[in-house]
Amino acid sequence: MPKSEITLSRTHRTALVGCLVGLCAVAVAPFFLDTYFTNVLIRTLLLAAVVMTVDILWGYTGILTFGQSAFFGIGAYACGLVFTHYGFGPGWALGGLALALGSAAIVAAGTGWLAFFHGSSPIYASIITLALPIVLTQVIYSGGSYTGSSSGLSGFPTYFWSLEVWFWIAGSFLVSTTTAGWLLVRSDFGRVLVAIRENEDRSAYLGIPVSRIKTMLMVFAAMVASVAGFAYAAFSNVVAPELAGFQLGTELLIWTALGGRATLLGPVFAAIGIDTMSSWLSGAMPFIWKLLTGIAFVGVIVALPRGLAPLISGLWNRLRPQRHAIPFEANIVKASATRMLQGSFGDAPPLRIEGLSRRYGSLEVLSGVNLVGKGTELLGVIGPNGAGKTTLMRCISDGKERTTGTLYINNVEIASSSPQQVVGLGVGRSFQNTNLFETLTVSECLKLARYRIDGTSLFSRSDTIALPQPSLDILQATGLDKKLSEQTQNLSHGMKRGLELAMVLATEPSVLLLDEPTAGLTRPERMAIGSVLTKLTREFGLCIVLIEHDLDFVRAISDRVVVLHQGAILMEGTVEEVVASDLVKAVYAGHKEEEVA
Amino acid sequence: MGSVTFDILTTAGILFVVASGLMIILGVMKLLNFAHGAFLTAGGYAAYLTGAAGISPWFSVPLAGIVGVAFGLVVERTIIRPLYSRPLDAILATWGLGIVISQIFALTFGRGVQFAPSPLSGTIEVLGIEYSAYRLAVSVIAVLLAIALIGLLSLTRFGLNARAVIVNEDLARGLGIDSTRVRAITFGLGSGLACAAGALITPLLSVDPNMGLPWLVNSFMLVLISGVSFPSLLLASLILGGTQVLISTFISPILGGMTIVVLAAMILRLNPKGFSRA
């Protein structure tokens, strides 16, 4: 991926050059095209802008949307309805455009609310976007003479400018929105989108408001599509329910897939090429043409999942002399970790659990767990497999997990908060299975972890990452500070675990949940992590809850140990007390329950 | 009032029959088959061809089922199998397949509407109400189908294997269950059910190249809301289909057409598990 190696100024320079070249092409094109093609291309250029938004939603963020046509239709109908029923003139046109933008934004926000929430499946979200144009078409049908029902509206007053003017409008709209989109996906925010696509759950547990980002993205994409629809209606002087229909919505997807998802320019050119060709060929052989695009679509999905763009760019790279890529150097600076210290202030313990239970149907995995985690304390949770240790972690980090019980983080009741809200309260969680973003680099991962605190830039890349001291310590201890531009999939297992811990610490938690942080690590790596953890409790006042099977490791670093057995706390005490206890020995040796209780 | 009750029961039956093929594929393969609508259409044309060939309409449903199974096995091998690890791509591929199938029908039979003969015509009197005999027959078939599918899943060796794959595919494979075979059979069975359902409902309506499309989204909603359970699907068909009939009858048919989609979306938003554990 050469993108990550482009420096800030070069990205902006490329965008500027691309934008100017695009505008020049748009300016001269009408003089070389006949009337028929100009006519066809105006529609195509507007649709290409919509396809560009589909690529950002689907290609980059992973939201498979069938419903982007609905917003195109909303824009078109805003134009048709205002000009037909209310009035015509510059004021009315601007009012209509505002109506288009406003209603598209509201509908998109509503759709986002329905489709995106913590725990919603991507398939469910896709079905909602499929339902949207279908419902909208029904609404249009039911509008009677107001919406023109199935025949739509036509013959309303509009600006009968020359074809060239409309071509310039459509073309410059496409070029400017695509430039903005291009900068967006190459910015730090664009990396957040990719992170959501690659590992939505992990993003949420880093405190990134996944659902809100998706909904906002949907709103902006909808607004772009509605402007395109508005312009199309004003140009063609016809609006029909098909403009909002899901047939068009799926065609947008097909063009995106054929052009190459997550390449932005690929889908735009595919849209221009295929739509122009189809209006040319569909006159001659209507069904065959649709059949051929259908077959091509299935073939590309099965055999070339990345579409045609990578083939072309591959060819281009082979023909062109290789330029020396400037590696993207990230600067790591120290952030003041004031938030981390909050746990050691005041009398309230950072973590308080009262009467926590979790049931799956009739199976009770946790029952009546009471636990207090103090600041500066390293609490080891041990217990045989299936004792409910990981479930306990899950209940602390996601407010919707537990069945009953009350949980306080820094004296705030977590109620039914989503994981990203719990992160906001000061909980950091690392997972049992190393759980990272494969195609992102180490520095990009660290930047993601700082999203909640430092925010992100929408249209540019920043080269500084501010990290709290403990994060820096981990990076140094594991040697990651020398591998900042390496993709995480190329790291060793130990480095991945180190990076994950550094990321969790970068969110500046005051309660740190670690699920077997040393599993599969070498002895020196284990020691390094152990000393960082001890330092975290002593110097930064963190409350660490640690699940671990390695009793020696627990003994070396824990202040207090809790033994979980069959979902309840069996025993609590110092490491020595617990290890010496017959009860615990019995549990681990697998004696009968009756003898134990 | 009485005929509305029958409308509700028969609509629920039709919805169940139409969605069951989709559900079995989603349950076992975790794959939402967007070609389901095209499979329904294929069944519709099978019924039309059976009628045109002068074969008794009673044979159209089993014939459509057999054709569907064979076709499903071919599709599974060529298109679905390479996409197991990419579920969203599989959705797109089945969607593309749906486009291809409906275009082939449009080329072969034209865009127009065709009719298939009904095996049962006229009305019969039940509990003092005159009602369409064929609609009632479809509901009876729906109930029998539900019993047969539940039986298949809970009583047969294939059902046990399929349930194992549903719950934990990796573990099932570790136990020596040939999950590839289970998937292939499931897809064949699902597309067979879809084609048979298309043939079953065609006498009530008509067939055209896009006949399956309106059923597709409603089926999606019913299946998503039911989880992987045929009793839940029956319940969901009854509740959502019933609401649809009531709204179409007493308020407006256009609102009725949106009922299932909107209601199901709201239920899933408020309770992502839907009826699956109700």
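Even glycines carry a Cβ here, placed using N, Cα and C.
The transmembrane segment annotation in TrEMBL covers B:6-27 (among others). Only residues 6 or more beyond the boundaries of the transmembrane segment (B:6-27), in the same chain, are considered here, and those with a CB under 8 A from a CB of the stretch are 33, 36, 39-40, 126, 129, 131-132, 135-136, 138-143, 145-146, 149, 162, 166, 186-187, 189-194, 196-197, 200-201, 204, 215, 218-220, 222-223, 226, 228, 230, 233-234, 237-238, 240-242, 244-246, 249, 260.
Distant neighbours of the transmembrane segment (B:34-55): 18, 21-22, 25, 61, 63-64, 67-68, 71-72, 75, 91-92, 94-95, 97-99, 101-102, 105, 109, 114-117, 191, 194-203, 207-213, 215-216, 219; these residues of the same chain sit at least 6 beyond its ends, with a Cβ under 8 Å from one of its Cβ atoms. Positions annotated as transmembrane segment by TrEMBL: B:34-55 (among others).
Sequence annotations record features per position, and here TrEMBL assigns transmembrane segment to B:61-80 (among others).
Under the heading transmembrane segment, TrEMBL lists B:92-113 (among others). The list of residues near the transmembrane segment (B:92-113) in space but at least 6 beyond its ends in sequence, with Cβ under 8 angstroms from a Cβ of it, reads 31-39, 41-42, 45, 48, 75, 79-80, 83, 206-210, 212.
Residues annotated as transmembrane segment in TrEMBL: B:133-155 (among others).
Within the same chain, residues 14, 17-18, 20-22, 24-25, 28-29, 33, 35-36, 39-44, 46-48, 50, 57, 60-73, 75-77, 80-81, 116-119, 134-135, 138, 141, 158, 162, 211-212 sit at least 6 positions outside the transmembrane segment (B:184-205) and bring their C-beta atoms closer than 8 Å to a C-beta of that stretch. Positions annotated as transmembrane segment by TrEMBL: B:184-205 (among others).
Summarising the annotation, TrEMBL assigns transmembrane segment to B:217-238 (among others). Within its own chain, the transmembrane segment (B:217-238) is flanked in space by residues 8-9, 11-13, 15-16, 18-20, 22-23, 26-27, 32, 36, 146, 149-150, 153, 166, 260-261, 264-265, 267-268, 273-278, which lie at least six positions past its ends and keep a Cβ under 8 Å from the stretch.
Residues or ranges marked as transmembrane segment by TrEMBL: B:245-268 (among others).
Remote same-chain residues near the transmembrane segment (B:133-155) are listed as 6, 9-10, 12-14, 16-17, 20, 24, 118-124, 126, 162-163, 200-201, 203-204, 230-231, 233-234 (criterion: CB distance under 8 Å, separation of at least six residues from the stretch ends).
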